[in-house]
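Novice: Below is the structure I would like to discuss, written out as structure tokens.
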Amino acid sequence: MFAEYSSSELLSIFAMQGVAGLILFSVFVLMALGLAIIFGQMGVINMAHGEFMILGAYVTYLTSHVFSTYLPDFFSIYFILAMILAFIAAAALGALVEWAMIRHLYHRPLDTLLATWGLSLILQQTYRTVFGPREVGVTLPDWLMGSYQLTESIELPINGLFVMCLALGISLAVALLMYRSRWGTQVRAVVQNRPMAGAVGINTGKVDRVTFALGCGIAGVAGSAFTMIGSTGPTSGQLYIVDTFLVVVFGGASSLLGTIASAFSISQAQSTMEFFMSGSMSKVLTLLFVVLILMLRPQGLFTLKVRR
Amino acid sequence: MSYQGFRSLLPKKDLYSFLVLALILVVVLPLSLDIFRLNLVGKYLTYAFVAVGLVLCWGYGGILSLGQGVFFGLGGYAMAMFLKLEASDPESTKIQSTPGIPDFMDWNQITELPFFWEPFYSFGFTLLAIILLPTILGYIIGVAMFKRRVGGVYFAIITQALAAILTILIIGQQGYTGGVNGMTDLRTLHGWDIRTDNAKYVFYFVCVFLLFVCLFIAQFIRKSKLGRLLVAMRDKEDRVRFSGYDVSNFKIFVFCVGAIFAAIGGAMFTLQVGFMSPTLVGIVPSIEMVIFCAVGGRLSIIGAVYGALLVNFAKTSFSESFPELWLFAMGGLFIAVVMAFPNGLAGLYNTYAAPKVDAFFAKLFGKTPVSHSSPPTPLPSKPTNTKTESVTLPQGVVHEQ
């Protein structure tokens with residue numbers, strides 16, 4: 001299958017597909033980070049994660065609309081504000097959902113799965129009623145458009161680079177938060193032993209709510225970043241939920257590093273194969289590989305060594 | 001089977017609920033509905049097969065599969081492949097560039113029948129495939145997962161991924177599977193037109209019959225030692241393992257049974273509705289099947305049938321009159337069934353209606369036959385078997401290892 005390409009062409013192909021894979025990787029990382037916090041740390045299956053992401057995307061869409069209508073002078077910086085707003089909106093909704101629903105279901109993980117699926121249906125229909133069934137897209141400010149010519153056959157899209165930087169930044173922030181802050185210590189303590197954590201004076205209910213809200217907020221930012229690469233419709237979130245869950249499970253549910261590693265391998269495999277076969281087949285093969293590896297190694301790539 | 005054995009398999013209370021269901025499905029509905037509506041009921045009943053399987057897997061075994069659509073699809077596609085081959089004989093497909101192969105293959109420039117289609121010329125093989133394919137797949141998944149003590153949430157996610165994989169595969173391989181349109185234009189079964197009203201009546205009754213076969217099997221499993229072990233495993237898996245049982249084998253078995261039920265449902269779906277498409281296989285229908293089971297009551301096999309009927313009926317009537325409200329209703333149903341009444345309709349019935357019904361019957365039968373001999377006690381003692389069914393929620397269903 002490589003015979004018809006010259007070696008330099010082959011190099012460019014791999015480089016280009018590698019870059020495409022890196023962009024996919026960044027999106028996966030952004031989506032999976034929120035999920036890794038919620039699922040990996042709290043053990044809650046949030047099937048509505050995609051819808052939180054889409055909430056962020058719609059907030060970005062609204063912000064861009066407001067800026068282009070009322071504040072065209074500041075249009076070039078709207079994206080920063082949009083991301084902050086997306087984070088706040090998704091986190092607020094997340095806190096509300098945790099208070100109303102999730103906290104009653106912590107001891108029944110399979111039931112959270114069904115309840116949050118119901119939530120996702122309701123959110124989808126809400127988006128459809130409010131924003132209409134058609135997909136919406138945002139206008140990017142000038143500095144995010146175009147691409148950067150690396151060599152004559154390899155070019156890097158700027159919005160892709162921006163998403164990559166964003167993914168990197170957020171991953172670092174989450175890692176710092178989880179492993180270098182007091183709050184992160186509390187979260188990990190609650191995960192490892194809830195009654196003991198409560199006994200030493202940690203308000204476990206509050207930790208849960210903040211953790212859930214943070215995970216949802218990161219999903220909102222992911223959705224905001226997502227608008228740069230694709231358009232947003234009411235059901236866009238559902239398209240990614242399975243991939244995202246597989247990324248988290250494949251990486252080893254409670255390991256952030258594992259999540260990033262698995263997002264990297266899955267996205268690279270998929271985008272490299274995409275060049276040689278149809279998109280659907282490459283996706284099928286990737287998912288199948290992941291499922292097979294999970295059958296052989298159910299605990300995922302990276303695991304915390306805890307005695308259960 | 002001896003009378004004693006029969007009574008222990010079907011205690012009086014279960015016998016009555018079987019009889020009531022049979023009365024509704026065999027007498028009331030066929031007499032009161034026209035054939036179009038009855039055909040719809042038949043279609044809903046095909047989901048009841050899946051829901052009954054899920055009661056065994058999820059309610060009793062604690063294994064939540066979000067991939068039952070895969071097995072439903074395997075059964076449905078196997079049947080559809082047979083019917084499609086019969087519908088595309090060289091005579092009726094002679095305008096194609098390659099006569100004698102299904103029309104969608106011709107549209108996709110495929111010039112000969114793929115090898116895995118060949119055996120589906122035989123009806124016997126098709127029937128065998130409907131049973132065996134899901135069993136084999138279920139066995140492979142079961143061995144891979146349960147032997148490694150993967151359960152609960154992980155199992156749910158992986159089966160969901162399988163549903164996603166199968167859908168993408170079917171849509172992507174349009175030439176071999178009919179793609180997103182599915183297999184349509186199915187006409188005859190051994191030369192017998194399946195689109196006539198007559199055939200629809202026959203299929204409805206076949207469907208009801210097969211459903212009762214599945215219900216009896218499920219009841220047998222429920223009442224046998226296996227059923228008790230399943231409940232024990234669901235509640236405290238480690239204790240069962242320490243008692244010397246190989247837990248995984250029971251799980252694999254019950255998962256395979258659920259898979260076969262789903263596949264039979266799928267095959268009956270194809271026969272009654274006349275097509276099969278990937279929209280019936282994927283993530284969304286698979287999770288909807290779980291809600292049929294949850295609404296009926298995850299611990300009640302009869303409840304699952306009512307759950308499938310009611311939710312589907314609501315879906316049809318909602319989507320006819322207020323299509324935009326349906327997703328709200330469905331979402332609300334998911335949340336309500338989890339948060340407010342986790343034992344579904346059966347749970348509600350057992351808590352609120354059953355005591356009244358029992359009291360009514362006790363009054364009805366208790367007074368007349370024994371009225372003279374017994375002293376004038378106004379209310380005969382309540383039947384003690386009202387609460388034999390465990391209606392508690394599975395506590396700690398999941399223990400990820």
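The first residue you see is number 1, and the count goes up from there.
Using the three backbone atoms N, Cα and C, a Cβ is placed for every residue, glycine included.
Bear in mind that the values here come from a model prediction, so they are computed numbers and not experimental data.
Annotation source TrEMBL lists transmembrane segment at A:20-40, A:52-71, A:77-97, A:158-179, A:212-233, A:239-263, A:275-296.
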Novice: Would you say the transmembrane segment (A:52-71) and the transmembrane segment (A:77-97) are touching, if the rule is that at least three C-beta pairs must lie under 8 angstroms and be 6 or more residues apart?
Specialist: yes
Novice: Most CB pairs under 8 Å with the transmembrane segment (A:20-40): which of A:52-71, A:158-179, A:275-296?
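Specialist: Checked against A:52-71, A:158-179, A:275-296; highest Cβ contact count belongs to A:158-179.
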Novice: Six or more residues beyond either end and a Cβ under 8 Å away: which residues meet both conditions relative to the transmembrane segment (A:158-179)?
Specialist: 19, 22-23, 25-27, 29-30, 33, 37, 140, 143-148, 187-188, 214, 218, 221, 225, 228-229, 256, 260
Novice: Which bits of the chain, at least 6 residues beyond where the transmembrane segment (A:212-233) starts or stops, bring a Cβ under 8 A of a Cβ in it?
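Specialist: Here the qualifying positions are 23, 26-27, 30-31, 33-35, 37-38, 42, 44, 46, 49, 52-61, 79, 82-83, 86-95, 97-98, 102, 133-138, 140, 144, 159-160, 162-163, 166-167, 170, 174, 177.
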